[in-house]
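Quick look at what Swiss-Prot lists:
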- 481: active site, proton donor (ACT_SITE)
- 1-22: region 'Disordered' (REGION)
- 147-189: repeat 'PFTB 1' (REPEAT)
- 508-553: repeat 'PFTB 2' (REPEAT)
- 585-625: repeat 'PFTB 3' (REPEAT)
- 634-675: repeat 'PFTB 4' (REPEAT)
């Protein structure tokens, strides 16, 4: 049996392919379309001319693909990654409010029919390889347009200096990134003799070969059949049989690591391996520095290169792994116990798939679930077919090619913040923007979670009735700050600006009920569910490339968002659970003050980094009456930000802040972080205009003639070490900051 081939074109579409600047084949970008079906976003390549004519490209399609949005009068820019999209030029903004309106004029063109906005959610460089390996081992033909554009994207993200790939698009090369992306390229048909592959292979060998990859790399390579399972540290499904009261049982772990461990443990127990074929036989020769048969894989379970070892395994975890290998597996892992563990693990996989209609929590666990379904249900089963369809929800097309998003989108998150930006900037009552905001409200209404999942306790899910998810209701996981921002956006439109009451008061109360259930005894809020275990579980962190992943931690951003939303709710509904809301806010504010550092900063876990957290923290303190003039905490937060302002008036923070846990200046000011810092200072009622005025001038100077801002450095982060893109941030945060400045200081002429 061989792996999944690249599918054939349905028509003569191969004739659409043309060489790109690197000599790689490229599809005809005028044939790509994004379909947004009630928040489910999938890309489609129209092979026939008839299809192409019936479904014209939208402005949003062209923007995402880096195409000009009207016929350019001048030759198109050669570097489409940073090129200006040729919407008509707008009158040059002279005031902050004009600049905000020009930005909104551009950004409004990108709203999709259901009312949401879309974007890539890229950055991590380990997602596509898991997908490609899944396609291969489940004999799933890869659509030819996917293969063509995935190849282009991976080569576009190869480091030109050393030929490798990193954990994310701005990271240094590592074994994880280099090995996995090399394998992905080989599986989609790239020759080992391609000069770029030779360079990548040379770097991998310099690192010591694939045996020096982290745990997740070794897992995927073993599934593919190019590494032996003896090289993978144990992932026993028996842990799922432990009573719930045990302090280290998996239900206590952070949701993402739990959902990855689930199918990983099932496949590890089954020792599923794709049968050897000519290509995987070749890969066995290419990935190592010595003959495959001479490698003692069992001796390399703990081998890892320093470039990958962000969070080294503890002595305790190494001891546990050794005991599992030497004692548990050979002497105590009896067949009856294994059968029970595999059956229960499979039941949990099945519930996750059914609760999300096979969309899954995220792009790491979902391909693993598909392999588990392939093994358990068979290649032609409904579960495998549905997974194949749902994996398309994670794919994204851009000018560089096709990537895999970090979730199945950012729909609710972006739409809520865009709504708030327009309100804060003062545009919500303008009849021009009312249809757009009404559509956004319709989208938020559609994606509020109206009921809990079946068997909630059995599958360890958090209460979700009344919540909003990060992406869409199909994925359907409660997220505390998404719930807070959805609640806040709804109240702003319905209560403050008389938009249609699409979401009833009872449903707003459901949202508040959900938020109150998510607070931890510490006063803080996690993102997906309350904290279920001790921080000591971090001693069992086996991922090596990520930190802070074993439990759901309190996050300043989630806590502050919840405080701000609850404060707004109580303004309009002061009698609903008033004492409980006050108590929750009091505890949360104490947490926010407690985690402020001596220098006045807060560490942000979902955006870069101290700038991001300061914006949320200072706004939440202001919502309870603590501002620059009245609160030492707010004052110190403002002074910290002011100490980081650059000469040009902007702020720029490197992603290294997230890794190193100290503020690291970016070499350039960044539009997004400048907006964050300004919003933080203005919400805290910082009284001096001069620093803010300088920042406004920078934001205005970076705006393009059509109203957009260009992509700069990466904006988001997760697990301390992996960065992720939020490209819509460069639109709505500056719009919000510019509009708020004009409201606070007057719409003065600055340019």
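Using the three backbone atoms N, Cα and C, a Cβ is placed for every residue, glycine included.
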Chain residues outside the repeat 'PFTB 4' (634-675) and at least six past its termini with a C-beta under 8 angstroms from it: 170, 310, 596, 599-605, 608-612, 614, 617-618, 621-622, 626-628, 681, 684, 686, 691, 693-699, 702, 709, 712-715, 717, 720-721, 723, 726, 729-730, 733-734, 736-737
DSSP-derived helix, strand and coil totals, residue by residue, for the repeat 'PFTB 1' (147-189): 23 helix, 3 strand, 17 coil
Number of helical, extended and coil residues in the repeat 'PFTB 3' (585-625), per DSSP: 24 helix, 1 strand, 16 coil
Helix, strand and coil residues within the repeat 'PFTB 2' (508-553) as assigned by DSSP: 16 helix, 2 strand, 28 coil
Counts by DSSP class (helix H/G/I, strand E/B, coil) across the repeat 'PFTB 4' (634-675): 20 helix, 2 strand, 20 coil
Residues satisfying Cβ distance under 8 Å from residue 481 (active site, proton donor), sequence separation of at least 6: 525, 527, 557, 558, 561, 562
Averaged pLDDT, computed only over the residues in the repeat 'PFTB 2' (508-553): 96
